[in-house]
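Okay, so here's the structure we're looking at.
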Amino acid sequence: MPESKYRQQTIRAPRGTVLTAKSWLTEAPLRMLMNNLDPDVAENPHELVVYGGIGRAARNWECYDAIVDALTRLEADETLLIQSGKPVGVFKTHDNAPRVLIANSNLVPHWATWEHFNELDAKGLAMYGQMTAGSWIYIGSQGIVQGTYETFVEAGRQHYNGTLAGRWVLTAGLGGMGGAQPLAATLAGACSLTIECQQSRIDFRLRTRYVDEQAATLDDALARITRYTREGKAVSVALCANAADILPELVNRGVRPDLVTDQTSAHDPLHGYLPSGWRWEEYQKNAQSDPHGTMQAAKRSMAAHVRAMLAFSQMGVPTFDYGNNIRQMAKEMGVENAFDFPGFVPAYIRPLFCRGIGPFRWVALSGDPQDIYKTDAKVKEIVAEDKHLHHWLDMARERIHFQGLPARICWVGLEWRQKLGLAFNEMVRCGEVSAPIVIGRDHLDSGSVASPNRETEAMRDGSDAVSDWPLLNALLNTASGATWVSLHHGGGVGMGFSQHAGMVIVCDGTDEAAARIRRVLHNDPATGVMRHADAGYDLAVECAVEQGLNLPMVAATQGKG
C-alpha cells in the first residue's frame, strides 16, 4: 500500500463551541470529516477506510491534510471542490451556496468496472467513497440500524402475523453496515445468528452491544438459537466462520431459519469477501499479488453462498438480498437463477420510499449526548402521533452506543423533515442545545439513488437503471443551499451498479439557516416522492397531491383520469 494511505495517527473531531474554522458552516464539514476517521467510528482509520471494504474519507493522508487546511481557511462565500477525496479547488460563490461540493468514484459508464477503478486507485487517481464515507456523514452502525429494523419488522408483518417473537434470522457480515443486523433483529423481537470471518469485528460488536453473545462452534450456535427461540428471547449470536462454508452446511443439515439475508461486503470481491478456505491475511496479500485470481476465488465462494440462500428460499424460508450485490456476483459465476429471491427494497421498503420516508440523521457537533436526548424529545413532541417512531427512539436511547460524535437516525418522510430541521435550528438559536446540529442522510433514500440491484430494483415502469434522478437530486440540493452536497458512484453494490447523491445541512440557529432548511429539507425528500410518482406508484402520487408538489406530467396524468 502506498505510504500516503497509511498513517499511525488518531483523529477525533473537536467538541464544544470553540471554532477551528471561520464559521459553523465550515466547522461542520471539518468535524464530520474527522468524525468519520474517529477510531470508534471507522473500520480502519489509519488507512482512511471508514466502512464498506475500501470506502474512504479522503484519497490519501496528504489529501486529508489539504482538506483540513482548506476548510480551516474557507470563507463564507467560497466553495471547496473535492474530486474523489482530493481537494482540487476553492472558488468564490455566495453565502447561500454549498461550502463543499464532492464527487467521488464517478467513471464514464463503459469504464465503470472494478478492474479499471482499481487501476486508477493504484495510480492515486481515484477513491472509493462508498455512500457516507466520502461524503463525511457516517455515524457508525446506527446509521443503518433503523432501516434494518424496519425491514425485519415488515418481514414479520408479511410472513409471521406481525411478530418475530420466537423466530430467528440467519445472516452474515459484521462490518460497518452488517454490524447493524444483530441489534436490529433483537429490537424487532427476533433471535439472530450472524456469521463473520474476522474475530476483531465480532469483538467490536460485542463491546458496543450490537451483538449479545459469541458461539464457539456451529453446534453451539444452533443450540443457543434453539434455546432462545423456545424461550421467546431475542438474543443475537455471532459465529466466527465463513458464510460460504456455514450456509451450505446448514442446508445439508436441514436447518430451517425464519428469515435469511446477508450483509457481507460482497460488492467488493477484491477487498470485502473472504474466499472459502483462505485466511484474511492471505486474502489481503493475494489481493495485491493476484487481483484477478483473488476476485474469482471470492466470487466462487459467493456463488456457493447464494446457492445456499436459494435452497433456503426453495424451502419456503423468506430470503432476501440486503443490497450488497451478492446475487449479481453469483450470476456472473454461473448461478443463473441468483435473482429468484428479491432485494429488500421491493420486498419491504418501497412503500416508505413512495412517501419520501427514509434515513433522516443528525449529529450534535458539541459532542454532548444530552443534545441528542433533547432532540429525541423534540421529535416525539412534533411527530406526536407516530408511536412506532417513539418506540424506535426509546429503544435507540437504551441500546445504541454512540460512536464518535453523538448522533441519531430515524426514518421520517416529506411531511416531517423540514419541520424537524426548523425545530432543531430554533433549539440552537435559543440555547436549548449547546452547539449547532448537522442534518444529513444515507444516500440510500427515496430520490437520491439509482441502483437496479438494490434501491431501484423492479421499478414499476422499468426505469431501474435511469440515473437522471440522483443527478437531479444533487443539483436541486445545491440550488437549495445545502451545506455540502455529494455525488458518488458504486456505493453499496460496487462499480458499475449504482449512482447516488447525498446532502448535509447545518442548523446554526440563524435566520439564514432556517431559510436554507426550509428549501433543502422539503426539496430533498420531495424528489423521492417525485421519482416514485413518475414511475407510477399510486402511493407516491397521493403523497404528492397531499403535500402540494408541482409535478407537471403527474398532474396531467391525474387530470386525464
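Note: Cβ is positioned from N, Cα and C throughout, glycine not excepted.
Taken straight from Swiss-Prot:
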BINDING   52-53, Gln130, 176-178, Glu196, Arg201, 242-243, 263-267, 273-274, Tyr322, Gly492  NAD(+) binding site
ACT_SITE  Cys410  active site
Problem - Cα separation, Cys410 (active site) to Glu196 (NAD(+) binding site) (Å, whole number) - result: 27
Fill in the blank from the handout: Cα of Gly176 (NAD(+) binding site) to Cα of the residue listed as 'active site', in Å and rounded, measures 18
Completion exercise
Once DSSP output is merged into helix, strand and coil, Ala243 (NAD(+) binding site) belongs to helix
Exercise for the section: Out of the binding-site residues Gly52, Ser265, Tyr273, give me the one sitting nearest to Cys410 (active site) by CA distance. Expected result: Gly52
Exercise for the section: Please work out which residue of Ala243, Cys410 has the most C-beta neighbours within 10 angstroms of its C-beta, and give that one of the recorded positions. Expected result: Ala243
Handout entry: the residue listed as 'active site' - helix vs strand vs coil (DSSP)
Key = strand
